[in-house]
Amino acid sequence: MGEEKYLPELMAEKDSLDPSFVHASRLLAEEIEKFQGSDGKKEDEEKKYLDVISNKNIKLSERVLIPVKQYPKFNFVGKLLGPRGNSLKRLQEETGAKMSILGKGSMRDKTKEEELRKSGEAKYAHLSDELHVLIEVFAPPGEAYSRMSHALEEIKKFLVPDYNDEIRQEQLRELSYLNGSEESGRGRGIRGRGIRITPTAPSRGRGGAVPPPPPPGRGVLTPRGTTVTRGALPVPPIARGVPTPRARGTAAVPGYRAPPPPAHDAYEEYGYDDGYGGEYDDQTYEAYDNSYVTPTQSVPEYYDYGHGVNEDAYDSYAPEEWATTRSSLKAPPPRSARGGYREHPYGRY
């Protein structure tokens, strides 16, 4: 019988044997120890001398026991693997060692694990051992032992049964990132970490209105002279001389002065006088007065509209009345004639 198949078969028989067969179990255990001891002696003979001059690569392997018996409720395999196995991958990259989780409970499917363990194949012989981590290093002697020591120190941190340590918190953050359920992605705020901000409604008035003061506490007296409606906040009295804001629906705060309106540029800067000033300066009311005061013909002129209107209707607009007009652009002041009422010449139409 081959040595590769002999040890797995012994372990499989020991596990499948009923506990009532005490002597058979003892004999199987002695045979397993004897076989493992012989393999260990051969390996010790081969490793008796270490050649560091040639600097050849050597293979180191250590099996680190996972304390599942001391802490049966803690998931050490999940902590070692991490989200999608990334924790174990990073640990291998950092240490430069190959790590494998072997033994009972290393597979997720327990029924399949039992089938493979009973199959007797050499590659599944580790399923009969205790749950452990196999660390393998293949490198020159000095570097190989350095990597092994580093790997042992790092693997020790993962075998601490703590749910809230730094490793576990980092794995939870990575898991939330991989699942796309970050706080900023879905908007799920953590209790106690967010600050609630009350929204402020924009002012409807031009230039912005002053926000109303905070509501007074219960029992606070309102100022005299203010009207308080049910369900509305009391409005403080407005100081005399203070301009009120132009926004609708907001009350003025006493003592607040609205900022002055922005000073507009003079019209002179935009060149309005250049285009129209010269034309209106020449054609003032004096220019029109000359046409009425000094007629060009000796015969009196009037406009005959052909409606049978006589000259008496135009006598009220004598030329001497137009001579008293002002020479500015301002409209003439209204006449203060209170006595007679003058009929309009076009009143009949």
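Using the three backbone atoms N, Cα and C, a Cβ is placed for every residue, glycine included.
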(request) Report which of Arg173, Arg240, Arg248, Arg257 appears in Swiss-Prot with the annotation omega-N-methylarginine. (result) Arg240
(message) Looking at omega-N-methylarginine as annotated by Swiss-Prot, pick the matching residue from Arg147, Arg230, Arg326.
(response) Arg230
(message) Of the ranges 31-59, 89-117, 321-349, which one does Swiss-Prot flag as region 'Disordered'?
(response) 321-349
(message) Looking only at the domain 'KH' (65-135), what is the model's average confidence as pLDDT?
(response) 89
(message) Let's see if you can do this one: DSSP helix, strand and coil counts over the domain 'KH' (65-135), in that order.
(response) 36 helix, 10 strand, 25 coil
